[in-house]
Amino acid sequence: MNSFFSRPWSKFDFIKFVTPSILSLVSISLYMAVDAIFISRFIGTLAMAAVNIIMPLFSISIGIGVMVATGASATIGIELGQGKRDRANAHFSFVFCFLFLVFIGLIISQWAIGPERLALWLGASKLLLPYCVQYLNIFLFGISALVLQMFFEFFMRLDGKPSWALYSSLLGGATNILLDYILIVRYGMGVDGAAIASCAGIFISCLNGAIYFLFKAKTLRFIRPLIDWPFLFRSMFNGFSEMVTEIAAAVQTLVFNYLMLGYAGEAGVAAMSILMHLYFLMSSLYIGLGMGVSPLISFNYGCRNPGKISELLTRAIQLTLFFALFSFAMAFCFGDNLIQIFAKGQVSVVHIAEGGIKIIAFSFLLNGMNILASAFFTSVNNGKISTLISSLRTFVFILGFALLLPPLIGVTGIWLSLPMAELSTLLISLFFMKKYRQHYLLPATTGEVKEKNSMQLIKKKEKEEA
């Protein structure tokens with residue numbers, strides 16, 4: 001594994017390695033979008049709006065899984081880079097046991113609260129409440145299992161097999177879409193069918209991950225877990241920025257749904273659902289890239305190889321800029337066509353969504369660098385800066401602009417809050433990248449290298465004399 005992660009990386013090698021992670025995230029966002037299309041076309045836009053109401057629960061579960069998996073994989077990647085394989089495997093096994101208990105705890109706690117109360121807390125209106133409750137009655141199991149899906153996919157990448165993570169996502173997505181067609185279109189099961197299809201896709205992905213680590217893994221194995229709470233708390237702190245990102249998505253959805261209900265009614269929530277699916281689909285390019293490059297950076301950080309980290313980050317930035325132009329062009333030029341796929345014939349929903357797509361398109365030019373900056377600081381175990389970037393983006397900038405602009409310019413202010421927040425966050429991200437450039441990216445000076453070599457010779461001589 002040492003030679004694999006620390007070897008020279010051409011542009012082609014880099015793209016080949018991160019592509020499975022990118023496609024994995026795109027496939028998740030894509031099958032969620034296809035799920036929404038089935039619901040909108042064959043059940044109705046009210047049902048799609050109801051699913052959007054409960055999306056914060058989805059984000060919170062993903063956030064818990066990503067927080068633990070991202071932070072732990074960064075630390076375990078550093079341990080592997082330092083040659084501590086047994087310790088890395090013991091920590092890996094401990095993280096799995098912990099997340100399995102979290103999975104059970106989420107099921108119990110959400111059922112104790114009850115689907116109806118959860119839906120009301122999330123802001124469901126009288127029209128949307130029956131759909132929300134019907135969906136949650138089944139999907140609560142799938143929501144809880146997302147923590148395990150995130151675990152398996154993150155650590156498959158760390159094990160040097162991003163292709164297995166991609167296969168897992170594609171298998172889950174294909175299962176979801178196939179069952180959507182069978183249960184919703186063929187058998188007319190409505191919201192129940194959509195919930196069953198979504199649960200099946202998540203559990204299939206988890207099963208594939210379990211099979212990989214039991215029979216196919218290269219380096220990481222399930223062994224007797226090392227119960228190390230300080231390690232777990234450090235990992236959670238390091239990955240907390242990713243948790244903040246998902247909590248931010250949940251809060252963002254809650255606030256936007258509340259504002260849309262006030263300014264445009266249920267049709268506005270349905271329009272918001274469409275644009276958020278497109279937003280997450282485009283953003284998944286950057287999130288997948290960050291997830292793909294993180295184990296490479298963590299490993300080389302553990303090896304104390306700043307030159308390699310700088311090379312990897314440069315390639316990631318180049319790819320981010322390409323995705324930014326691609327995403328903006330797609331949303332700005334073809335956004336109206338994409339909206340029609342979701343809500344063809346729904347005049348009020350389409351009208352509201354078309355008013356926002358060209359504004360939100362500008363956020364795609366900016367949010368990639370913010371996502372990459374947060375992923376970079378997490379991968380080098382600087383959870384403090386990573387969390388700060390994520391927190392400022394949502395809890396200061398997005399919420400600030402979302403609460404300030406709509407009273408002045410109406411629904412347009414809701415759409416405008418996203419690009420304004422991304423621009424503000426980009427300035428913060430660039431500041432921290434420049435500030436910490438010398439610490440993480442610049443190679444050691446000649447004097448430092450000589451000093452290090454001298455210390456190694458002294459230690460070697462002392463061992464020989466002993």
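The first residue you see is number 1, and the count goes up from there.
Note: Cβ is positioned from N, Cα and C throughout, glycine not excepted.
TrEMBL annotations:
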| type | residues | note |
| --- | --- | --- |
| TRANSMEM | 21-43 | transmembrane segment |
| TRANSMEM | 49-78 | transmembrane segment |
| TRANSMEM | 90-113 | transmembrane segment |
| TRANSMEM | 133-152 | transmembrane segment |
| TRANSMEM | 164-188 | transmembrane segment |
| TRANSMEM | 194-215 | transmembrane segment |
| TRANSMEM | 279-299 | transmembrane segment |
| TRANSMEM | 319-339 | transmembrane segment |
| TRANSMEM | 359-380 | transmembrane segment |
| TRANSMEM | 392-409 | transmembrane segment |
Taking 49-78, 90-113, 279-299, 392-409 as candidates, which has the most Cβ pairs under 8 Å with the transmembrane segment (319-339)? 279-299
Answer with yes or no whether the transmembrane segment (49-78) touches the transmembrane segment (279-299) by the criterion of at least three Cβ pairs under 8 A, sequence separation 6 or more. yes
Residue numbers, six or more beyond the limits of the transmembrane segment (49-78), whose CB comes under 8 Å of its CB atoms: 35-36, 39, 88, 91-92, 95, 98-99, 102, 106, 110, 118-119, 122-124, 128-129, 131-132, 135-136, 139, 143-144, 146-151, 153-155, 157-158, 191, 194, 220, 231-232, 234-240, 242-247, 249-251, 253-254, 257, 266, 269-270, 272-273, 276, 294-295, 298-299, 301-302, 378-381, 383
